[in-house]
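Chemist: The structure's right below; bear with me while I get my questions together.
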Amino acid sequence: MGKGFYISKAVAVTCVVVAIAAVATIIALSVVYAQEKSKNEAISPPTTSPDTTTITPTTPSTPKEPWQRYRLPDSLAPVSYNVTLWPRLKTNADGLYIFSGHSTVVFTCVKETDLILIHSNRLNLTAFEGYHAKLKGLDGATAPSLKNTWLEVPTQYLVIQLSGPLQAGSKYELFTEFVGELADDLGGFYRSEYFEDGVKKVVATTQMQPTDARKAFPCFDEPAMKAVFHMTLIHPQETVALSNAMNYDPVNITMDGQKLIQTRFEPTEIMSTYLLAFVVCDFDHTVVSIRIWARRKAIEEGQGNYALEKTGPILSFFENYYNSSYPLTKSDQIALPDFSAGAMENWGLITYRETALLYNPDVSSNGDKEWVATVISHELAHMWFGNLVTMKWWNDLWLNEGFATYVSYLGANYAEPTWKMKDLIVLNEIVGVMAVDALASSHPLSSKEEDIQMPEHISELFDSITYSKGAAVLRMLSEFITETVFSKGLSTYLEEFKYKNTVYTDLWKHLQMAVDKAGIKLPSSVEVIMNRWILQMGFPVVTIDTKTGKITQKHFLLDPDSVVDRPSEFNYEWFVPITWIKTGVERQQYWLVDKEATNNDMMLNANDWLVANVDMRGFYRVNYDAGNWERLLAKLSSQHKDIPVINRAQIIDDAFNLARAEMVNTTLALRTTKFLNKEVEYMPWQTARNNLDYYFLMFDRSEVYGPMQAYIKRQVSPLFNYFKDLTLNWTKIPESHTDQYNQVNAISLACSTGVKGCRDLTTGWFREWMKNSTNNKISPNLKSTVYCSAIAAGGVEEWDFAWSMYKNATIASEAEKLMHALSCTKQPWLLNRYLQYCLDPEKIRKQDATITIIYIASNPIGQPLAWDFIRANWNHIFNDYGGGSFSFGGIINGVTKRFSTEFDYKQLLQFKEDNAGQLGSATTALEQALERTKANMNWVAMNKKQVLEWFTSETSSPV
């Protein structure tokens, strides 16, 4: 699955409080990508005809029965499904949207049993002679009669007890008929709504991952229960039906007096239930074998053209990378108005948020364009890795999503070779997730199978550790065995296990075979090396003493006082591949396999300097002796370009995080930003900004704020003037992709710190737009920062204008920029009104409510308002607004990132106590917030005085 909610780069850099290097980064990263809230009550929508009767579910309470366990027994294995579904795109007499359907599943009995367990959630099943299903034997097998059936709500099963056993080796067929609600909860078979020319349109669509196929029809809803699916959709005239496979010619039919269309689809490949998709809509599409589907107006305006242009090349790249042909006969990609995740890799019918698939060059920024390219690449990578070969169980989700995240940058790099995407993975994924993984409350990449049972356990795995750390360690592995060898191992892995399920050790075996064949020397096997990175949480800080050549490693924790109560069989030691540069020359990689070692080559004389972890290829931080730090600072001051650009960013990021962990002095970290008045590259500036944002979080309501603003103003002024010249007084767009990003940094920081001319520039552009709302001349790349700056400087007139533009925006990426900018106002009453809008889906779509609240909390004026709002409305949000639409963990992280006092801590504890039992997927996030608040309290107490003194000293001295 693609990322959860998307914060565009332009938005992220205008938001002064994103704090990636601080633990506060969790907000943008530990998004729970598709929340599934298991509701403990079955819905009972009206049935389709008077003859259908509803059986009241009863739940036997014998403890430890098979139906009280969350995992299916291994006695049955599905072969194929034949499913017919009829979604109603208009409400019935009771004001409900419903769907009806029937399903036949053919299964093999693997072990003799007198019990059938099949998942079913929130479906009203038709009774046949008092039972919820019909069973018959196939190929001469005789089916035993049904003894008892019921719906086991907590574990989401239809339970069927038989009067006799099913015979091992025999095949059977189970038939069910059902009605469900076509709700707007963004999970299972659900509805999405939008307006076109003032007319409300309804789309029926799906999101099955991880555990919601069971809401569409009864099924064996586990990844290893692969089968072939024969789908049929019944839908209104003037609509089109899509599914994973290509359709046969639709036929006109009449049902219940209605003229309808019946669309049957070719059988799918053998696949998992979570990859199923079906959509009924009146969308249009691009006319080629690779089809992009979207609202008709979006297609007419060419918003699908960029996705179409890049899908073919990215598919070709992966065919070469995997050395495996695209497994299907078609590729459909559809942009949905309402969708909880960024995208979902349904095999042959990938579903997207509109912002992740549609691109309009007149309105969308380069960040929007990059997002489309990387999300498409992520989802297409899954067509092989995840879909053709699938994890056995969700505990290995990290391999599925971490891999797709890593190679999405390779695919996007192929599609857009000038963008430096292989560099940007460091900033977009790796730096941020290190902040999360440096907490004592982090978790290993790989969980034990028995520890991941319930749907909420599965949902909690969709976090930044799974996606971004997974990508980081696989990138590290690819680097030390080489990308060519990595790709060869993948190819044999996919060939051996196609249409099957695997565990992560199967991949290690194939990579080991490729390593052996290539003759690459490693200090141990791939499995032994990698187990230390995936079976224990965290990562090391490697300390190099250039006086002695001594190298040591230890578990890096942002809060040195935090207690790690999770044991590790490896004692928090790693096999660390150390790449390094000595005075500008890259040296031979060194493996640190013990807690400490000595490498005499790393001993330096007075004129030499050393940087380790070249281009941040490894997932670790680096500390040095004081002498080498001073030489690095001197080099940055005199000739910063002698150090590679990623390592200039790394030096800043490592220093700030080491200071947070009390391993170096805070003033050393601050000194790594002094060279920025000569720096024009994006990565060092963005890294510094991310780290300094933590200082804003902690100090923007204290006396430190003034001198800190003055220092940043001094540092950013040359950058602002550089881009003023480069763009010929803001009249042209920089050519480089990363320059376009850094131009946003220059304007955003210059305006927020009061650089002369900046605020007049942005408010002038915005006022010009207000005078002629149909002609927006603001450059798409600059819109986020201009909108935010102008709304912050203005009042209700600017806010209401932006709100009107948001409501009328026909392009999702434009709406997203305005949605963020509306949170920039300094008027508390406007922020409170905006918070209330988050609970009205007519104003803020359910899929956008989480990120809107987080945007508001990112504003220092909005943060306490958002916290009050969450506490006052938690019960409503959790119980009535849940499903796939709210990232509870994301909200908790977003509203608590400024917490740094004893009072804040006590409020968090009270919130935990008040809402015990209804925290769901926010449970882990709340523990992280408590840990982070304690760490913030300690940090402020230790550092406030010296930080104030340093900024004051720097701004009072001449440049």
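Each residue, glycine too, has its Cβ placed from N, Cα and C.
From a predicted model like this one, the values you see are computed outputs, not experimental measurements.
What TrEMBL lists as region 'Disordered' is 40-67. The domain 'Peptidase M1 membrane alanine aminopeptidase' feature in TrEMBL is assigned to 306-533. Annotated Zn(2+) binding site per TrEMBL: H378, H382, E401, in sequence order. The annotation active site, proton acceptor is assigned in TrEMBL to E379. According to TrEMBL, the feature site 'Transition state stabilizer' maps to Y467. Sequence annotations record features per position, and here TrEMBL assigns domain 'ERAP1-like C-terminal' to 609-934.
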Chemist: Including all protein chains displayed, how many Cβ atoms other than that of H382 (Zn(2+) binding site) lie within 10 Å of its Cβ?
Modeler: 27
Chemist: Within 10 Å of the Cβ of E401 (Zn(2+) binding site), how many other Cβ atoms can you find? Include all protein chains, please.
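Modeler: A count of 28.
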Chemist: What is the interatomic distance between the Cα atoms of E379 (active site, proton acceptor) and Y467 (site 'Transition state stabilizer'), given in whole Å?
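Modeler: For E379 (active site, proton acceptor) versus Y467 (site 'Transition state stabilizer'), the Cα atoms are 13 Å apart.
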Chemist: Suppose you look only at the domain 'ERAP1-like C-terminal' (609-934); what would the mean pLDDT be?
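Modeler: That region's mean pLDDT is 93.
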Chemist: Taking each of H378, H382, E401 in turn, which of these binding-site residues have a Cα lying within 10 angstroms of the Cα of Y467 (site 'Transition state stabilizer')?
Modeler: E401
Chemist: State the count of C-beta atoms found within 10 angstroms of the C-beta of H378 (Zn(2+) binding site), not counting that atom itself.
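Modeler: Neighbour count, Cβ to Cβ under the 10 Å cut-off: 30.
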Chemist: Cβ within 8 Å of the Zn(2+) site's Cβ centroid: which residues qualify beyond H378, H382, E401?
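Modeler: Near the Zn(2+) site, the remaining chain residues are M1, G2, E345, E379, A381, F385, G386, N400, F403, A404, T405, S408.
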